[in-house]
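One structure is given here, and the rest of the page talks about it.
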Amino acid sequence: MYCALVTATDSITTKLLNAFRPRTSAPSTATVLRSVLWPIAILSVIHRSYVLGTNGYITDDFGPVYRAVINFKLGLDIYNEQFDHVDPHYLYPPGGTLLLAPFGYLPVDASRYWYISFNVLAFLIAAYLMLRIFDYTLSSVAAPALVLAMFCTESVTNTLVFTNINGCMLLGAVLFFRWLLKGGRNAELLAGAAIGLTLVVKPSLAPLLLLPVLNRQFYTLITAFGVPLVFNIAAWPLVPDPMNFVRHTVPYIMSTRDYFNSSIVGNGIYYGLPMWLILLLRVVFLLLAVGSLWLLYRYYRERDPRFWLLTSSGVLLTASFLLLSLGQGYYSTMLFPFLMTVVLPNSVLRNWPAWLAIYGFMTMDRWLLGHWPTTGRFLEYMKITYGWSLMLVVVFCVLYFRYLDAKQDGRLDQGIDPPWMARERTPAPV
């Protein structure tokens, strides 16, 4: 044991000294990029978690969670929120309360810091698993680039600053994808368990259950529904007021609020759009999403399962954020697996309109204008909505134009990718 520790210490010392020694040959581009990106990525993770996360913000998503688990421990009412104010509310079902109950046995600050730590760890594990899904390793340039890109986004930063659970949600989604791609009964059951744990807390990833149905991976549904069912059955007699969740909280969840809501209906109500126009917009974007999903299913499900699964997930989640009653900016965290498809040669994201859309729902830039406050508020409040909307337009247009070209060339039976893409199915090594 002692020899192993000495060897490890010597190895670390040697690596540190080698970083400052003159090179005997010109470093590769990948080596230079890794040297640049890793320090920035690591410090960005530390800054977002240790500095911004612990400093917190006026928006505190953890406060209601902590009050709920403390009330659960003490046997007090949990689902007694006053929904007539705009502060964060506790909306998790009894099963989610049971899952998070251990945080109620720590002092509030310690509990919050552990909550942040678990989410940071979940983000990092999810990043590693995404690299493996796309055949990259930690020694590639893609590793620090992905970590840096994730922790520079509004969605990850606000997840940690507001102390939300989206890091664990992302990890659940990535595990779900990884096991679905692996295939087999055991992997399908594990995929269902992974997404089922997220459904115990909130239903944000529920639209993804369409994917195993379309791919005939029905074992996934057993654990996807079984895990939240078991947690809620176990929690029901332990929660003092479980029916208040049904009578009081569920109607609020199903309603539409006109603040901190980037969905079409949320921003539409905020800006006073007529309901017929809101409905028309929702129908238009629903049709775009359905068209994209059909093209993906018809031409990619069997030819390119990875591309089909992850691109379809992006369409499903983006459409749900945009079309359902509530869409918040940090929900975009769950889109990282979809955005990683940019490394694939047939990605729908290799064009500038796609990255204009991504800027809209991922940027930390604030567009509030001191001299023109009305214009500034509009730009700030609508950038996420426009980003999600443009993304659905981009995906449909890319796939539809591929379809038209393939139909014109008479090669629909070979798929809709341009012929040159057939020679570049795998991402280039980085």
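Even glycines carry a Cβ here, placed using N, Cα and C.
Taken from Swiss-Prot, the feature transmembrane segment covers 26-46 (among others).
For the transmembrane segment (114-134), the list of distant contacts is 45, 48-49, 53-54, 62, 65, 103, 106, 140, 142-143, 146-147, 150-151, 156, 159-160, 163-168, 170-171, 173-175, 177-178, 181, 306, 310, 336-337, 340, 343-344, 427: same-chain residues at least six beyond its ends, Cβ to Cβ under 8 Å. Under the heading transmembrane segment, Swiss-Prot lists 114-134 (among others), citing sequence analysis as support.
The transmembrane segment annotation in Swiss-Prot covers 136-156 (among others), and the record cites sequence analysis as its basis. For the transmembrane segment (136-156), the list of distant contacts is 30, 33-34, 37-38, 40-42, 44-45, 48, 123-124, 127-128, 130, 166-167, 329-333, 336, 340, 343, 361-364, 427, 429-430: same-chain residues at least six beyond its ends, Cβ to Cβ under 8 Å.
Annotated transmembrane segment per Swiss-Prot: 160-180 (among others), in sequence order. With a threshold of 8 Å between CB atoms, the same-chain residues lying at least 6 positions outside the transmembrane segment (160-180) that come near it are 48-49, 52-53, 55-57, 59-62, 88, 112, 115-116, 118-123, 125-126, 129-130, 132-133, 187-188, 190-192, 194-195, 197-198, 201-202, 204-205, 208, 211-212, 215, 217, 220, 309-310, 313, 330-331, 333-334, 336-337.
If you look up Swiss-Prot, you'll see 194-214 (among others) marked as transmembrane segment. Long-range neighbours of the transmembrane segment (194-214) within the same chain, counting only residues 6 or more positions beyond its ends whose Cβ lies under 8 Å from a Cβ of the stretch, are 91-93, 95-96, 99-100, 165, 168-169, 172-173, 175-176, 179-180, 188, 220-221, 223-228, 231-232, 297, 301, 309, 312-313, 316-317, 319-320, 331, 334.
The list of residues near the transmembrane segment (218-238) in space but at least 6 beyond its ends in sequence, with Cβ under 8 angstroms from a Cβ of it, reads 72, 93-99, 180, 185, 188-193, 195-197, 199-200, 209, 212. The transmembrane segment annotation in Swiss-Prot covers 218-238 (among others) and rests on sequence analysis.
The transmembrane segment annotation in Swiss-Prot covers 276-296 (among others) and is backed by sequence analysis.
Annotation comment: Swiss-Prot describes 307-327 (among others) as transmembrane segment. If you look at the transmembrane segment (307-327), the same-chain residues 6 or more away from its ends with a CB under 8 A from one of its CBs are 133, 173, 177, 180-181, 204-205, 207-208, 210-211, 214-215, 253-257, 261-266, 282, 285-286, 289, 292-293, 296-297, 300-301, 334-335, 337-341, 344, 346-348, 384-385, 388-389, 391-392, 395.
Swiss-Prot lists 352-372 (among others) with the feature transmembrane segment, giving sequence analysis as the kind of evidence. Counting same-chain residues at least six beyond the ends of the transmembrane segment (352-372), those with a Cβ under 8 angstroms from any Cβ of the stretch are 152-155, 157, 262, 329, 332, 335, 339, 379-380, 383-384, 386-391, 393-394.
Feature annotation from Swiss-Prot assigns transmembrane segment to 381-401 (among others). Within its own chain, the transmembrane segment (381-401) has Cβ neighbours under 8 Å at 262-264, 267, 270, 285, 288-289, 291-292, 295-296, 311, 314-315, 318-319, 321-322, 327, 329, 332, 348-349, 351, 353-354, 356-363, 367, 416, counting only residues six or more beyond its boundaries.
Using a Cβ-Cβ cut-off under 8 Å and counting only residues 6 or more beyond its ends in the same chain, the transmembrane segment (26-46) has close neighbours at 19, 120, 124, 139-141, 144-145, 147-148, 151-152, 430.
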